[in-house]
Every structure is written in C-alpha cells, then in structure tokens.
Amino acid sequence: MKIETLPEEFVKAQPIIDTIEAAGFEAYYVGGSVRDTLLGLPIHDVDIATSAYPQEVKSLFKRTVDTGIEHGTVMILDHGTGYETTTFRTESGYQDYRRPDSVQFVRSLKEDLNRRDFTINALALKTDGTIIDYFDGLDDLKAERIRAVGDPEKRFNEDALRMMRAVRFASQLNFVIDPATVTGIEHHGQLLTKIAVERIHVEFVKLLLGKWPAKGLDVFLQTGLYQYCPDFDQYRDQLSQLQHQLKTGMSSETAVWTLIASKLSLTGNQIDRLLKDWKSANQLISDTRTAVKAVRAIQAGSVDDWTLYQTGRQLLSVANEVAGQLGTTRYVTKELITAYENLSIHSKKELEIGGQDLMAAGIKPGPQLGQALDYIERQVVDGHLANQSSDLKAAAINYLNEKA
Ligand SMILES: Nc1ccn([C@@H]2O[C@H](COP(=O)(O)OP(=O)(O)OP(=O)(O)O)[C@@H](O)[C@H]2O)c(=O)n1
Ligand SMILES: [Mg+2]
C-alpha cells in the first residue's frame, strides 16, 4: 500500500533519509508517526530507523548528538528540529523484564520490526509513501486491533511496560486488544512490578487522557493488571465503577489524579500516600488535594467563596470536570469561574495592608501577626470586611485583643 500525500513532518525529515540512502544504506520512518498517519491522526515525533550503524550515521551529518548511542540512537540536528535515528537492531537477554541485556545492530529492516511491541507499531514508511508491513499491521489497523508482534508472552517478558502500553493504546485509539495478547497480559501482569513506577505512571495517565478510557480500563481490570500498579489492588470496585462512569478522557494529569482520588474517597493524607507511591511531583500532589476538596464542595452543592478562593481558577475547572465525570452537573464551569473572578481578592498580596502595616500599628512580629493576617484575609474573602486599609487594621487589632 502507498500513502499519496505524506504529512509535512515527513517531508521536512526527507533530506535525512535522502542523505542516508545516497550513502548506500536504507532508512525508513517507523513507529507511532507511521501508525498515526495511517489513522489520520496528528503526529508528534518522527522516528527514523536505518541500516547504517551509529558511527556511519554520524559520519554523514554535521551536527549529531549521541542521545542513546549504545542502543543505536543518534539525534540528527542538521535539518531543524532534531530527528532520532536508530540503527536496525535485535535485542536479547531481558533478565530484568525492562531492557535488553544487549542489543545487536543488524542490516535487516524485518529483524528490526520483528522486535517491536505491536503490529500497528511495526510498520515502516518509505519517503515515496510506500508502507512496509511484514506482520499484518495494516490488517490490524483496519480491524482496530492491538496485537503483539509474534508471541505475546515473549513480547511482555522482554518489556513488561508493553502491557500498560497495550491498554493505553486501546484507550487512545478505541481499539480492541487481540485475545492472545490479552492472555499474555493475564499471564505476565506481575512483571509490571519490575518496571519503574514513573514509567507506569506515564502510561496510566495516557490511558485516562485517551478518548476511550473505558476501553483500556476494561482490559486493565479484566486481566488483573491493575493489581500490580501501586496501591490499586484494594480498589477494584471503584475502578470498575469508574470504567462505567467515564464518558470520555480527562483533560489533564491533575484531572486524572483528582478523579482517582475522588472516586477512591481518599483523605488528604491518603492522597499524599497514593501519589507518592506513584512517584508524583509535589506540585501534582498539592494540586490534587486542593482540587479534590473542591470536587466534594461541588458534589455537595455548596461552593462557598472561601472554597473558590482556595481552589483558584485553574483547579476549579479541573474540579468541575471531575465532578461532571462522576455524575454531578450542578455547576457550569463558567459560572464557577465568574464567581471566582468576582471575589474581592484572589491572593493575600491583594489585601490593602500587609505585615509591615500591622507592625507599624504596634503589633509585634511573630505567629500572632500571621494569624491576624489570615483572619482578615478570610473575612475579606467571605465578604464580611471591606478591603480597605483602615477597616483591615481595626479588624486585625480587634481580633488580637479578643484573643489576648
Ligand atoms: N516498550 C516499547 C516501546 C516502543 N517500542 C517501539 O518503538 C516505537 C516508538 O516508541 P514510542 O515513541 O514510545 O511509542 P509510539 O508507538 O511512538 O507511541 P506515541 O505516539 O505515544 O509516541 C513504537 O512504535 C514501537 O515500535 C516497542 O517495541 N516497545
Ligand atoms: Mg513515539
């Protein structure tokens, strides 16, 4: 089969392939960009596979970076944005279930495609638009099917992360996973525990960002794969409910974790623990905690000014998206944002007075000064106090006198 008009990303990369071919080697576009082009989807990175060995590739271009030279990958910078070019290779070993003990460079495209995960990812594209399809990837694309190249058991033994990749592709593409490949996941789920949690995290988030998350979650749950993800083994019921509730994918990583934490009814400390176990960044953890509180307020139908203020514009829309996915459609996000915008202040910095002013009015520095500022902040947000210097000062002094 032949693609008539190649997307411009490929056209831009063509000088690289032309240069390699002019030197007597083979070079093809491979991987996700070929798959996505055939599906009519936008493509992100263009990967090139070649029969030239890394040193041969480097000798053909002026500007290269050794991004993964021991695996055969060289980044070529000669034609604008960098292009990763990887020498055809086979792999062997995989004693740790995540990377080969050694890779062997080979001159055969077929051998290279043969070591790849799924048939839809094992297609190669020539610059003239010809598709090379040794493993019936085109049939599988047409049938909307994710099928391991060759023996699924072997593929997952080589790299256990591929099981997560299978379920996330199902979710991104609305594809079914071929029965033998599903069986392979059933047999090898436990190997996921050998994989760095950060990598599992990336795939799980992609699963829930995909347009058809129910499709991926179905196999994730059916095969038991979820049990080998951090802390998920005790939450089968909730995850299964989620599978049936989700109408479409989430819009951000924060929304993904806010959804999970809300659905699992986690307390603040439990959110910390779960997200730390999933090796999340601190910002993600604190945003999730904040957004989950807002989800609960939205579900309870009582989003007061203080909640709006503490949540902030961005996390309010995350929280309302999550509440919507969980079945609460009480608020239109725009309403919440407007209510937020109408607050008298949006941060402590907008208060008409600060610590300096209170000290000038005779309040000693220390914890009480902070408490007084917190108090007037809340009063202003709640609308009990005007954001006006003299009122604020009087209220702060009054507050401290009453406490004393
Ligand atoms: N565990 C993996 C990861 C990758 N690949 C191969 O390397 C290609 C590129 O990998 P990657 O960029 O991670 O995935 P894509 O399939 O390109 O998907 P995405 O669109 O998410 O980048 C894949 O298509 C596949 O052929 C593989 O065989 N096994
Ligand atoms: Mg890719």
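The backbone N, Cα and C atoms fix where each Cβ goes, glycine too.
Keep in mind the model is a prediction, meaning the values are calculated, not measured.
Quick look at what TrEMBL annotates:
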BINDING   Gly32, Arg35, Arg116, Asp159, Arg162, Arg165, Arg168  ATP binding site
BINDING   Gly32, Arg35, Arg116, Asp159, Arg162, Arg165, Arg168  CTP binding site
BINDING   Asp45, Asp47  Mg(2+) binding site
DOMAIN    27-147  domain 'Poly A polymerase head'
DOMAIN    174-233  domain 'tRNA nucleotidyltransferase/poly(A) polymerase RNA and SrmB- binding'
DOMAIN    251-393  domain 'CCA-adding enzyme C-terminal'
Residue counts (helix, strand, coil, in that order) that DSSP gives for the domain 'Poly A polymerase head' (27-147): 33 helix, 38 strand, 50 coil
List of residues, in chain order, with Cβ under 8 A from that of Arg162 (ATP binding site) and at least 6 apart: Asp117, Phe118, Ala148, Arg155, Phe156
Residues among the binding-site residues Gly32, Arg35, Arg116, Arg162 that border ligand 2 - Cβ under 6 angstroms, in sequence order: Gly32
Of Asp45, Asp47 (the binding-site residues), the residue whose Cβ has the fewest other Cβ atoms within 10 Å: Asp45
In the chain carrying Arg165 (ATP binding site), residues 6 or more apart in sequence that have Cβ under 8 angstroms from it: Asp117, Phe118, Glu203
The domain 'tRNA nucleotidyltransferase/poly(A) polymerase RNA and SrmB- binding' (174-233): DSSP-derived helix, strand, coil residue counts: 45 helix, 2 strand, 13 coil
Secondary-structure category, per DSSP, in which Asp159 (ATP binding site) falls: coil
When distances run from the Cα of Asp47 (Mg(2+) binding site) to each of the binding-site residues Gly32, Arg35, Asp159, Arg168, the nearest one: Gly32
The domain 'CCA-adding enzyme C-terminal' (251-393): DSSP-derived helix, strand, coil residue counts: 99 helix, 0 strand, 44 coil
Recorded CTP site residues Gly32, Arg35, Arg116, Asp159, Arg162, Arg165, Arg168, farthest C-alpha pair in Å: 20
Euclidean distance between Cα atoms of Asp45 (Mg(2+) binding site) and Arg168 (ATP binding site), Å: 18
Residues near Gly32 (ATP binding site) in space but at least six apart in sequence (CB under 8 A): Ile43, His44, Asp45, Asp47, Asn121
Spatial neighbours, same chain, of Arg116 (ATP binding site) - Cβ under 8 Å, 6+ residues apart: Gly31, Ala122, Val149
